[in-house]
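Below is one structure, written out as structure tokens; the observations come after it.
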Amino acid sequence: FERTQTETPETLLGSLDIFVFSLIAGLLIYWFFFRKEGFFRTSFIEKMKKTNRNVVVFYGSQTGTAEEFANRLTKDAHRYGMKGMATDPEEYDMSELSRLKEIPNSMAVFCMATYGEGGPTDNAQEFCDWMQGTDEDLEGVNFAVFGLGNKTYEHFNATGKYTDKRLAELRGKRVFDLGLGDDDSNLEEDFISWKEQFWPAVCEFFGVEATGEESSIRQFELVVHNDINMNQVYTGEMGRLKSFQTQKPPFDSKNLFLAPVTVNRKLNKGGNRHLMHIELDIMDSKIRYDAGDHVAVYPTNDAAVVNRIGERLGVDLDTVISLKNLDEESNKKHPFPCPSTYRTALTHYLDINNTPRKNVLYELSQYTSDPQEQENMRKMASASPEGKALYQSWVLDSERNILAILEDLPSLNPPIDHLCELLPRLQARYYSIASSNKVHPTSIHICAVVIEYTTKIGRVYKGVATNWLKNKEVTENGHKHTVPMYVRRSQFRLPFKPSNPVIMIGPGTGIAPFVGFIQERAWQKEQGKDVGETILYFGCRHKNEDFLYQQELEEFERAGVLTQLNVAFSRDQEHKIYVQHLLKKNKEQLWKLIHSNNAHIYVCGDARNMARDVHTAFYEIAEEVGGLTHTQAVDYFKKLVTKGRYSQDVWS
């Protein structure tokens, strides 16, 4: 730019264009050829050597459970004379795995959750891609895998199984058998059972013995800030400090958009449940979404519960603190954004509503003064049959959260900082978006049922997110409540060709994405496009109580957008009728649409029962109308899944 004074405006503009082009090209080269290949990532091998570690525990985690299990294995390692570190594979160059053999008596453990329809978690995607594409020789690399999955889903523990199989194919040495945790049953029990056999196998493999140390190991130390500028203190932000005061796109899981609530109305006309329709304003966010995507909402805990924890432990919740990792080499400096107050941590960052895991009970048991209470807590944390039964009945079946445990064990008085260290992070809640961006480009709609019921021991259980959303009422004084959120992309998509027929099955709040789909098909029709048959199967309890979006759906039917509206009212007659019964009733038409007209099938809602029953109904239709054997029918619909013509957005 030294010659700019003699340049003409035209040549100067050309120089700027070249400069900008070169800058963009350079950034792209940097990303694709260096960052993406791991050249600028920290070496976990060098880090292990520097800190004298021989066990690395990688976690593929979406909700934090796999990360929590990885931390527990890392803590366990020191009891066997080993030193470990829990590690996010996304932060390291995983092609260095073959170098692990450079460290004597070393081992890599993988806690791998399966996410969605059999895929890896977001943070494990690159590692799985690397495994698939590499021919690296892992001879001399010792490994073990524990998978986290849910048998409700078809591809149970697919990521854990693939990791175990692929590492062995690359000539890695399996130290212990693959563990398969089932969240539909008792994931933690599966993990404990696996690791109680895993560590003896490790001892035998490496020729080491347990040290016998069972004392609590603190991962973080407490720092109290007595004199700090409150502008330096987190108040609920997930990433950048003061990001809620100064909102800057793009918005994601670390940079949330505060979306104003513009509509909050009750959907059902009767019954003892509260089903709600909420609209979030995203006008100033530059957020884009497609019908079928999810909105991630970050709720806050009930202030009354937070206050009761503070009162029970006799602490000033407004004390400003940091929990600082004792391991200075760890990438995870704090368990949640710090500095913060205890009140902020318990309100925004920590899960205080769910039942605590066994390791939390064990760690807290040291703070009981009553020998019987301590014995019961340690028994519940054990793997003994008696301990399992006690934990099942006293914690799980009775749905005791941390406050209930503190209230029901009078001699239990843990330091609040250790409690904050042990509690898991409060997770985002994901809702299928109930709108189309073509029709509602500046708003995102949510359909949800408020969770509230009385537990076996007489306490009222309230779902964190749904009760929090319910209370975000729209007032006439101009004040608008906000919801911290971002959009998570989904593969749940309408066909590329609008002329393809669509068959949508979504009972209850499973109707949410289909409201968006129908809105989009209506918009496509308005644009003059050839729109295929649009068929909906919806189910609810009573026509006069919880027929969600009845008026809108009937209007779409009258307009010819919704070519068929099939509704199963399960409790309006003596025998219960569900969506799968209506599918069987229309079997000839459905088979023709699927087999001859290239129809796309979408299922949304409960995975444990509904999705399985719908699957079975389609198998039976293929057998009865299509003349297939059961094996052929199963294979037929598996191929539809592979082709993207059978999509599920289900939860258990």
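Yeah, the Cβs are placed from backbone N, Cα and C, and that goes for glycine too.
Predicted, not measured: the structure shown is a model, and the values here were computed from it.
Pulled from TrEMBL, these are the features on record:
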- 12-33: transmembrane segment (TRANSMEM)
- 55-199: domain 'Flavodoxin-like' (DOMAIN)
- 61-66, 113-116, 148-157, Asp183: FMN binding site (BINDING)
- 254-495: domain 'FAD-binding FR-type' (DOMAIN)
- Arg273, Thr509, Ser570, Arg571, Lys576, Ile577, Tyr578, Val579, Gln580, Asp613: NADP(+) binding site (BINDING)
- Arg429, Tyr430, Tyr431, Ser432, Cys447, Ala448, Val449, Tyr453, Gly463, Val464, Ala465, Thr466, Trp651: FAD binding site (BINDING)
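Features per TrEMBL, on structure.
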{"residue": "Ser61", "record": "FMN binding site", "Cβ neighbours (10 Å)": "23"}
{"residue": "Gly116", "record": "FMN binding site", "Cβ neighbours (10 Å)": "17"}
{"residue": "Phe156", "record": "FMN binding site", "Cβ neighbours (10 Å)": "17"}
{"residue": "Arg273", "record": "NADP(+) binding site", "Cβ neighbours (10 Å)": "17"}
{"residue": "Arg429", "record": "FAD binding site", "Cβ neighbours (10 Å)": "20"}
{"residue": "Tyr431", "record": "FAD binding site", "Cβ neighbours (10 Å)": "23"}
{"residue": "Cys447", "record": "FAD binding site", "Cβ neighbours (10 Å)": "23"}
{"residue": "Ala465", "record": "FAD binding site", "Cβ neighbours (10 Å)": "22"}
{"residue": "Tyr578", "record": "NADP(+) binding site", "Cβ neighbours (10 Å)": "18"}
{"residue": "Gln580", "record": "NADP(+) binding site", "Cβ neighbours (10 Å)": "24"}
Which of these binding-site residues has the least crowded Cβ, counting other Cβ atoms within 10 Å: Tyr153, Trp651? Trp651
For Arg273 (NADP(+) binding site) and Arg429 (FAD binding site), the CA-to-CA distance in whole Å is 20
What is the nearest of the binding-site residues Arg429, Cys447, Gly463, Trp651 to Gly64 (FMN binding site), using the Cα of each? Arg429
Within 10 angstroms of the C-beta of Val449 (FAD binding site), the count of other C-beta atoms across all shown chains comes to 17
Binding-site residues near Trp651 (FAD binding site): from Gly116, Tyr153, Tyr578, Cα within 10 Å gives Gly116, Tyr153
Identify which of the binding-site residues Gly64, Gly463 has its Cβ surrounded by the largest number of other Cβ atoms within 10 Å, counting every protein chain shown. Gly463
Could you give me three numbers for the domain 'Flavodoxin-like' (55-199), the DSSP helix, strand and coil residue counts? 65 helix, 36 strand, 44 coil
Cβ-Cβ under 8 Å from Asn150 (FMN binding site), same chain, 6 or more residues apart: which ones? Thr114, Phe156, Asp182, Asp183, Asp184, Ala607, Ser652
How many neighbouring Cβ atoms, not counting its own, are there within 10 Å of the Cβ of Ala113 (FMN binding site)? 29
What's the CA-CA gap between Gln580 (NADP(+) binding site) and Tyr153 (FMN binding site) in angstrom, rounded? 18
